[in-house]
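Annotated features in TrEMBL:
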- 29-40: compositional bias 'Low complexity' (COMPBIAS)
- 142-183: domain 'UBA' (DOMAIN)
- 1-40: region 'Disordered' (REGION)
- 49-66: transmembrane segment (TRANSMEM)
- 72-94: transmembrane segment (TRANSMEM)
- 106-126: transmembrane segment (TRANSMEM)
- 180-203: transmembrane segment (TRANSMEM)
- 236-269: transmembrane segment (TRANSMEM)
- 275-294: transmembrane segment (TRANSMEM)
- 301-319: transmembrane segment (TRANSMEM)
- 339-361: transmembrane segment (TRANSMEM)
Amino acid sequence: MSPMPPSEPAETPESLSSRAPVVQGGSGTATPAPASALTSPDAPGFPRFLKVALGIVLVLAALLMLREFATTFAPIFLALNLMVTAYPLHTWLVKRHCPSPISATIVALVVLVVLFTFFVGLAWAVGETISLLPTYGNEFSQIYQQVIDLAARLGFDEQQILSSLKSIDPNSIMSAATSLLSGASGFLGIMAVLVTTIFFMAMDTPGFAARFRIAESGHSRITAGFSSFSRGVRRYWIVTTVFGLIVAVLDTIAVAILGVPLPVVWGLLSFITNYIPNIGFIIGLIPPALVALVALGWKQALVVVVLYCVLNFVVQSLIQPRFTGQSVGVTPTVSFVSLLVWGSVLGALGTLLALPMTLLLKALIIDTDPRARWVNALLASDPGDAEDEPAVS
């Protein structure tokens, strides 16, 4: 049996560098070429446009997948937002010698009470609005006739308009009612997922700090991104709630002075829709403006529209950004695009979670990569803040 040939020694970085290309120096001595010369950025590789195209395809695929699981992902992410926002209450109770499991239970109960109050208030506002509509049946008929007359003066055929209105298919009304009932059952399913997720997150809360410290020791950059997201989303919900209350109180006082029926309902509706960025105040404006139109006339309705626009612009566009700071400050375009994208992907809850989802992606993708920090200048409402914001290390 012939002896086996001796194995070749493993190559070391020194041996690799000795085989690197040499560069003839000015004195005639040969020196190894730097390592960067072996991986020149100008060397042929994967084309950049293919990388961009592949990235776009992956993003679209991820969004489509999220859309398929929206009824599960959206309530889970909302529960995460609420528990993250309420987490300082847990640490405050623990510091005052409250047992950690009891503290976590208290936090979960507070979150559930807030959710219950929110949805009960929304249901009450909708019920009061529906009960008010029959009171102004004659006024609605007069406005309807005025609209028909105006359309006729503008050149539209009155008979054609009336025939179009009368030709509404009753089956379409039944389909709409069926869709509404399906939406109600879907809402109950979302609420079940939301409440259950909050319950299990409360069970995990006592050991969260220890888990986070262990994860931080091995993946400090990712955990720092999560910490940045937690601070940003907590500030977002608190600031939005406080200024939503301010706007709601001002709107309630304004419509009460004008004599619009149900001023408290319109104030509550203004507060709830305040959580929808960009277009929330418009949604909260339409019902009181219509009621003012049928109850008080077009002049008072116009005053309601002007007051709502002025109050919301002053509070939300001039005052609120001074308190949100770097954690939430994105350009209006980014905010609006986020609303459209996440609303189409996650449905109705996506309109509430648009900015938190954007903050999550920003914290995990941009803030954790020093090479992507320049993107902050394109997203931030104040480029100076983006330039001064330190990178996550």
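Just so you know, glycine gets a Cβ as well, placed from its N, Cα and C.
A quick note: this is a predicted structure, and the numbers were derived from the prediction, not measured.
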With the cut-off at Cβ under 8 Å and a gap of six or more residues from its ends, the chain residues touching the transmembrane segment (106-126) are 82-83, 86-87, 89-90, 93, 98, 191, 194-195, 198-199, 201-202, 205, 265, 268-269, 272
Per the Cβ under 8 Å criterion, with at least 6 residues separating them from its ends, the transmembrane segment (339-361) contacts 63, 66-67, 70-71, 73-75, 77-78, 81, 190, 229, 232-233, 236-237, 275-279, 327-328, 330
Most CB pairs under 8 Å with the transmembrane segment (301-319): which of 49-66, 72-94, 275-294?
275-294
In the same chain, which residue numbers or ranges, 6 or more beyond the ends of the transmembrane segment (72-94), come under 8 angstroms Cβ to Cβ?
66, 100, 102-104, 106-108, 110-111, 114-115, 190-191, 193-194, 197-198, 201-202, 205, 230, 233-234, 237-238, 346-347, 349-350, 352-353, 356-357
